[in-house]
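Participant: A single structure is presented below for examination.
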Amino acid sequence: MPTELTDYDPSMGNKFIFVTGGVMSGLGKGITAASTGRLLANAGFDVTAVKIDPYLNVDAGTMNPYQHGEVYVLKDGGEVDLDLGNYERFLDIDMTFDHNITTGKTYRHVIEKERAGDYLGKTVQIIPHVTDDIKRRIREAAEGHDVCIIEVGGTVGDIEGMPYLEALRQFAHEEDDDDILFTHVTLVPYSKNGEQKTKPTQHSVKELRSIGLQPDILVGRCEDKLDIEAKEKIALFCDVPMDAVFSNPDVEDIYHVPLMVEEEGLDQYVMEQLGLDERALPPEERANEWRDIVTQETTDEVDIALVGKYAMEDAYLSIYESLKHAGFETNTDVNVLWVDADEMDDAHADRLSRADGIIVPGGFGSRGTEGKIEAITYARENDVPFLGLCLGFQMAVVEYARNVCGLDGAHSAEIDDETDHPVIDILPEQYEVEDMGGTMRLGAHETDIEAGTLAHELYADEQCTERHRHRYEVNPEYIETLESAGLVFSGQDQNRMEILELPDHPFFFGTQFHPEFRSRPGRASPPFVGLVETILETTDTDTEEVTA
């Protein structure tokens, strides 16, 4: 594996697609990139992806979900941007922390090398030392794959993104022309008179070209498909062929985007430009499972309450997506009802009472915990199907300890370090940990599943491997008390409790791990499928009756 620029040989055979964005952030670069990758994978190519995040954080682990959405956890324990979750779901691959490049990670590595004397007294600068490190990371992530898609976070013109765009300019200079493709995603808004305006796209491309990058493909994010006049203007003023201008209009479900851009011919154009068309599978032999999965008709509809503290979908994105996947598997429309755990007022309580099932997700801190416990009590006492994830698992233990075991004031030591009954306590290996970033119990761990339990029925195996992100666990001193009162810990990692359930309840299931991070279209997470299937078995959910 090459470790420095001078070791690199362009003949290694990788193809690189760089995806940049203009006009504004949050346009959907990641979904555009992931959809392109999905279509190339359908054509028989081994595709991977890299997300560049130009912030100074080393990783996303300490970021506020209000600002950046959920922290997505990889198999190797990397805490990363939620876009990597979309890549894993669309491409059906397991990525690594090396597939996320941040400014903090890059600068730290360069500074460590300088301190170690690796630069032999040279003046360490953005060019060439930082840009060389960026290029090295991209090439190492791409090794062994046919195609690597690299998304550059942020918007062209952002000052923090400049070193990355310069690295890309150098990258293109070092590679063969038919091994590199630049895709630029921009906003094409409507004017008040209904005309699609291309000026923002023109200015965005002008900014990109001033850095030395010329896009090969332009993708217009718009409410509706680009009309011919808009395409002609974009092609003329941005200096790209008409055939290289594609639409990416709004859709109700992101899983339809690959089908839409396939109709536009984006995948075929990409393969032709990269010289991949002759190696691609014939259209009649390409995988159609994706289309079959995401376009199937639904026969049922369910409402599931999500009881959390972050009132935005991106903060719990993988849970929303996992419910979609469970819906694909059961031919069910799954509606999510947001319930604010911090304000369990009459409106939210009514929403909870109308729900067919309840999910209490992961999280940190004291805010909203009593509301979550209240929701768990409601689910347990009223036989409402319930799924608790990470903190939701822990709060289910707290609720049971208080209301069934009679342990007044029982709580998690994270929330109340003076409780008389710390049924949830800090992991022993965390006692001496002081740093916050990257120090939790992270990544994939195996769980042994007890035969004859709901967990065994769901996973259909004696063991499962799921991803974790936590510092606290069930206190071993209270396990006997909890079990003697009827709570079953059906999954364990040695002496650590990983799964809980109540045998006499239709579906009361909690996991210390995050099963949502391994769910995929066509391969939905077992706990989510179990939740939806139980609702269908115990509730009248016919779509026509619900609509009526």
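Cβ coordinates are placed from backbone N, Cα and C, and glycine is handled just like the others.
Feature annotation from Swiss-Prot assigns active site, nucleophile to Cys390. If you look up Swiss-Prot, you'll see His514, Glu516 marked as active site. For Ser25, Lys197, Thr198, Lys199, Pro200, Thr201, Gln202, Lys233, the entry in Swiss-Prot reads UTP binding site. Look at Swiss-Prot and you will find Ser25, Asp158, Ile159, Glu160, Lys197, Thr198, Lys199, Pro200, Thr201, Gln202, Lys233 tagged as CTP binding site. The ATP binding site feature in Swiss-Prot is assigned to Gly26, Leu27, Gly28, Lys29, Gly30, Ile31, Asp83; the stated evidence is sequence analysis. According to Swiss-Prot, the L-glutamine binding site annotation covers Tyr66, Gly363, Leu391, Gly392, Phe393, Gln394, Glu414, Arg471. The Mg(2+) binding site feature in Swiss-Prot is assigned to Asp83, Glu151. For 1-276, the entry in Swiss-Prot reads region 'Amidoligase domain', with the evidence type sequence analysis.
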Participant: Pop the Cα-Cα gap between Gln394 (L-glutamine binding site) and Thr198 (UTP binding site) into the table, whole Å please.
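Facilitator: Cα-Cα distance, Thr198 (UTP binding site) to Gln394 (L-glutamine binding site): 52 Å.
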Participant: List the recorded positions among Lys29, Gly30, Asp83, Pro200, Cys390 whose C-alpha is within 10 Å of the C-alpha of Glu151 (Mg(2+) binding site), in sequence order, or say none.
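Facilitator: Correct set: Lys29, Gly30, Asp83.
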Participant: If you measure Leu27 (ATP binding site) to Leu391 (L-glutamine binding site) at Cα, how many Å is it?
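Facilitator: The Cα atom of Leu27 (ATP binding site) is 32 Å away from the Cα atom of Leu391 (L-glutamine binding site).
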Participant: Between the Cα atoms of Gly392 (L-glutamine binding site) and Lys199 (UTP binding site), what distance do you get, rounded to the nearest Å?
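Facilitator: Here the two Cα atoms lie 48 Å apart.
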Participant: Cα distance, Leu391 (L-glutamine binding site) to Glu516 (active site), nearest Å?
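Facilitator: Distance between the two Cα atoms comes out at 14 Å.
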Participant: What's the number of neighbouring CB atoms sitting within 10 A of the CB on Ile31 (ATP binding site)?
Facilitator: 23
Participant: Neighbourhood of the ATP site (Gly26, Leu27, Gly28, Lys29, Gly30, Ile31, Asp83): other residues with Cβ within 8 Å of the Cβ centroid, in order?
Facilitator: Gly21, Thr32, Ala33, Glu151, Val185
Participant: I need the CA-to-CA distance for Thr201 (UTP binding site) versus Ile159 (CTP binding site), whole Å please.
Facilitator: 19
Participant: Can you give me the average pLDDT across the region 'Amidoligase domain' (1-276), rounded to a whole number?
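Facilitator: Mean per-residue confidence for the region 'Amidoligase domain' (1-276): 93 out of 100.
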Participant: Tell me the Cβ contacts of Gln394 (L-glutamine binding site) under 8 Å, same chain only and six or more apart in sequence, or just say none.
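Facilitator: Gln394 (L-glutamine binding site) has long-range Cβ partners Gly388, Ser412, Ile424, Tyr472, Val474, Gln512.
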Participant: Whole number in angstrom, please: the longest C-alpha to C-alpha distance across Gly26, Leu27, Gly28, Lys29, Gly30, Ile31, Asp83 for ATP.
Facilitator: 12
Participant: In whole Å, how far is Asp83 (ATP binding site) from Tyr66 (L-glutamine binding site) when you measure between their Cα atoms?
Facilitator: 15
Participant: Between Gly28 (ATP binding site) and His514 (active site), how far is it from one CA atom to the other, in Å?
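Facilitator: Per the Cα atoms, Gly28 (ATP binding site) and His514 (active site) stand 25 Å apart.
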Participant: Work through the binding-site residues one by one (Tyr66, Phe393) and point out the residue whose CB has the fewest other CB atoms within 10 angstroms.
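Facilitator: Result for the binding-site residues Tyr66, Phe393: minimum number of other Cβ atoms within 10 Å at Tyr66.
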